[in-house]
Amino acid sequence: MSAPVGIPSLLLALCALLCVLNAVRSAYCPDPYKRYSDQHSYCVGVCCSCAKYRRGVSPWLKKELVRLHNNLRSKVAGGKSHSVDHLPRATNMLEMVWDDELAEVAQRWSDKCERKSDCEDCRRVGRFGVGQIIFEFDGKMDGKDMENEFFSRFMALQSFRKEQVARFTAGTNPKTAQILWAKTWRIGCGFLDFNYPGNGRRYTQIVCNYGPKGNEEGEEVYKAGSVCSSCPANTCCGDACKKHNLKANYHGLCKVIDENLPPEGNVPHKKTGNEVFYCGFNDESDCRHTVEGVDRWIRNVTTGGTWLNTYLGNYGHTVIEVRSAHHLQVRQAMPGHQDPQWTHGGRTTLSVPAVRGFGGGRQILNLTHLPPCRR
């Protein structure tokens, strides 16, 4: 009779099997993620060297995370606590909802057992850039731990200043700013209870991804003024939600009516210098454009806004001409790669060459998003 297989041997066998399964899983990496980063968190697989006790966000934790975020935002936006009397009320802060794609990317990164954030491009999704906060607890976490964490975040607001609301800078607390960022309205998180290989200690980690990302240098965290007075289109607030057969659960927050469409501003957008393209790419005359070369520009309406996308094959080239030059602003479009070229001289155009070696000889350009052009 053979001796029983020891527990360490079983663990090694299970780990080996897990690595094989993750190699198979990681072999599939959607093209958009590849274009953002060859180390995209969705695609890099998990760490086999850390022992995992639990993984994945439970239905209860999913609801709790959304509730805790919205409770904190509501207290600030609606001024419903003496602890935030020094901060202005918010006119445009959105109610957060759960996002499965953000959650899946966050879970993939959490499974790496890294105890640090991934890179911005590593977690980006097609609809928007993604912010991130990691909540970490020693040992096993319970519901009170998460409540206490958000209570400490709330108390930290006492040191958050009015001028920091008006303009985000490097000195602003980034976690507080991201939680309060008015235009961020989608959240998805990953959960892992594990032994960290670096010191052998047990931790519980919740990685939360936020979109559209906040903490944009020079921009306001939220717009100060009368509560809900600048709620964007496709949102409602308070009793106004009843006519849409919706219930406003959080005082002072603008609730998105159709979660498949973006909330878009009902006031003119103030240019910040961060725009790639200041145009909603709708059908208004001042947004019209013509294309020379590869005509694969596609208008996509997403939860992150309206995008004009193009995909170029090897050696492809496209030129897009926009009728109104005052709608254009430029930023570096593909850091680390060849940038598209703006040309002037009677025309306002964007010339985009394909770059070999980038995404397998492929290049994609997104021209973004923002409110529709105004007559």
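Note that Cβ sites are derived from N, Cα and C of the backbone, with glycine treated the same way.
Residues or ranges marked as domain 'SCP' by Swiss-Prot: 66-210. Residues belonging to the domain 'SCP' (66-210) score a mean pLDDT of 90 in the model.
According to Swiss-Prot, the feature N-linked glycosylation site maps to Asn300 (among others), an assignment based on sequence analysis.
Residues or ranges marked as N-linked glycosylation site in Swiss-Prot (evidence: sequence analysis): Asn366 (among others).
As annotated by Swiss-Prot, signal peptide applies to 1-26, with the evidence given as sequence analysis.
With helix defined as DSSP H, G or I and strand as E or B, the domain 'SCP' (66-210) counts 60 helix, 33 strand, 52 coil.
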